[in-house]
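These notes are about the structure you will find just below.
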Amino acid sequence: MSSLFQTYGRWDIDIKKAKGTYVEDQNGKTYLDFIQGIAVSNLGHCHEAVTEAVKKQLDSVWHVSNLFQNSLQEQAAQKLAAHSAGDLVFFCNSGAEANEGAIKLARKATGKTKIITFLQSFHGRTYAGMAATGQDKIKTGFGPMLGGFHYLPYNDPSAFKALGEEGDIAAVMLETVQGEGGVNPASAEFLSAVQSFCKEKQALLIIDEIQTGIGRTGKGFAYEHFGLSPDIITVAKGLGNGFPVGAVIGKKQLGEAFTPGSHGTTFGGNMLAMAAVNATLQIVFQPDFLQEAADKGAFLKEQLEAELKSPFVKQIRGKGLMLGIECDGPVADIIAELQTLGLLVLPAGPNVIRLLPPLTVTKDEIAEAVSKLKQAIAHHSAVNQ
């Protein structure tokens with residue numbers, strides 16, 4: 001009997017080794033990993049530069065608290081500020097914690113309380129994260145929710161009309177590609193309406209880049225595809241290539257809202273995490289690296305569209321190396337079949353197969369994955385005729 005709370009529906013796979021795009025389980029079986037910790041190991045498992053940076057830091061100092069100066073934090077913050085729309089950075093431990101910090105910052109900086117988010121969004125499982133999330137299923141049994149959140153339809157430029165002259169809006173918070181909501185990209189028209197609404201209401205724009213950031217979509221941050229100017233950006237997942245870390249990035253005019261004692265964390269920004277972040281960002285923010293990731297994403301999408309001609313496949317969508325295959329029915333059996341074939345993927349809702357390979361994936365590995373997907377979908381279609 002397990003001593004763990006049963007909060008996860010775990011597969012019967014125990015990963016013992018991982019390198020690059022491949023993992024090996026307890027039985028010695030090798031899998032092509034197109035999950036990568038759910039968009040975490042963007043440089044692939046156990047990337048040499050990140051591994052060496054963390055090993056080196058292990059022999060120096062791990063943690064001393066944020067009462068002390070931290071040059072590694074400063075270096076990482078400067079990298080994030082140089083490659084984003086923000087100027088100031090707060091380091092934490094996870095995406096949920098980053099989104100909590102963003103919500104606190106927005107309310108404190110504006111003196112207003114209402115936060116606009118969107119249906120099918122996902123912003124975490126803490127109380128502010130749940131309240132911001134536009135999916136009732138994750139809130140069941142945990143009420144009452146934190147107040148002040150209003151939900152609008154995603155990808156509907158006219159949705160803001162429903163708010164009328166409503167004021168006291170601190171921020172609009174959204175993902176430019178909804179991950180847990182089905183790998184659902186926003187349209188340029190919708191995002192333009194979001195930016196205009198924020199300007200009209202003098203509300204802050206918070207972009208949740210937890211899953212889309214750090215090169216995942218072929219840009220440093222997904223909002224760059226649309227010319228947006230966010231006031232606050234949240235990142236985590238790929239930020240440390242597997243080391244737990246998150247960050248809130250904000251414009252300099254928000255600095256007065258976060259002063260000593262207003263917000264904090266014990267472990268956030270510890271030296272081990274910062275070693276991983278600095279090594280990761282040093283690679284990801286190279287222009288050639290991002291262009292290669294974008295090219296690989298385009299190649300993967302082209303291969304999927306060329307090979308997955310089954311009537312069961314309704315749409316292939318996403319950006320960069322964050323793609324979803326929407327199917328005409330549940331995909332759980334296909335995902336299980338793919339595990340048998342040696343390919344790890346995950347769902348994004350009941351009918352969507354989500355693909356999150358590392359940004360270092362090769363074209364041969366992409367071809368291997370597409371071949372397995374084609375085989376599994378064909379088998380599913382034959383069995384369910």
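Glycine residues also receive a Cβ, built from the backbone N, Cα and C atoms like all the rest.
According to Swiss-Prot, the features are:
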{"type": "BINDING", "residues": "Gly95, Ala96, Phe122, Asp208, Glu209, Ile210, Gln211, Thr266", "note": "pyridoxal 5'-phosphate binding site"}
{"type": "BINDING", "residues": "Arg125, Thr265", "note": "N(2)-acetyl-L-ornithine binding site"}
{"type": "MOD_RES", "residues": "Lys237", "note": "N6-(pyridoxal phosphate)lysine"}
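Recorded features from Swiss-Prot, shown on the structure.
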{"residue": "Gly95", "record": "pyridoxal 5'-phosphate binding site", "Cβ within 10 Å": "29"}
{"residue": "Ala96", "record": "pyridoxal 5'-phosphate binding site", "Cβ within 10 Å": "21"}
{"residue": "Phe122", "record": "pyridoxal 5'-phosphate binding site", "Cβ within 10 Å": "24"}
{"residue": "Asp208", "record": "pyridoxal 5'-phosphate binding site", "Cβ within 10 Å": "32"}
{"residue": "Glu209", "record": "pyridoxal 5'-phosphate binding site", "Cβ within 10 Å": "30"}
{"residue": "Ile210", "record": "pyridoxal 5'-phosphate binding site", "Cβ within 10 Å": "28"}
{"residue": "Gln211", "record": "pyridoxal 5'-phosphate binding site", "Cβ within 10 Å": "27"}
{"residue": "Lys237", "record": "N6-(pyridoxal phosphate)lysine", "Cβ within 10 Å": "29"}
{"residue": "Thr265", "record": "N(2)-acetyl-L-ornithine binding site", "Cβ within 10 Å": "16"}
{"residue": "Thr266", "record": "pyridoxal 5'-phosphate binding site", "Cβ within 10 Å": "9"}
What recorded positions in the list Arg125, Lys237, Thr265 lie within 10 angstroms of Glu209 (pyridoxal 5'-phosphate binding site), counting C-alpha atoms?
-> Lys237
Smallest Cα-Cα separation from Gly95 (pyridoxal 5'-phosphate binding site) among the recorded positions Arg125, Lys237, Thr265 is shown by Lys237
Give the sequence-ordered list of residues that share a chain with Arg125 (N(2)-acetyl-L-ornithine binding site), lie 6 or more positions from it, and have CB atoms under 8 Å from its CB.
-> Ala96, Ile138
Whole-number Å distance separating the Cα atoms of Phe122 (pyridoxal 5'-phosphate binding site) and Lys237 (N6-(pyridoxal phosphate)lysine) is 14
What DSSP gives for Ala96 (pyridoxal 5'-phosphate binding site), in three states, is helix
Which whole-number value in Å describes the distance between the Cα atoms of Gln211 (pyridoxal 5'-phosphate binding site) and Thr265 (N(2)-acetyl-L-ornithine binding site)?
-> 22
Thr265 (N(2)-acetyl-L-ornithine binding site) to Lys237 (N6-(pyridoxal phosphate)lysine): how many Å between their Cα atoms?
-> 18
For Asp208 (pyridoxal 5'-phosphate binding site), what is the secondary structure by DSSP, using just helix, strand and coil?
-> strand
Can you give the largest Cα to Cα distance in Å, as a whole number, for the residues Gly95, Ala96, Phe122, Asp208, Glu209, Ile210, Gln211, Thr266 that bind pyridoxal 5'-phosphate in the record?
-> 25
Fill in the CA-CA distance, Thr266 (pyridoxal 5'-phosphate binding site) to the residue listed as 'N6-(pyridoxal phosphate)lysine', as an integer in Å.
-> 19
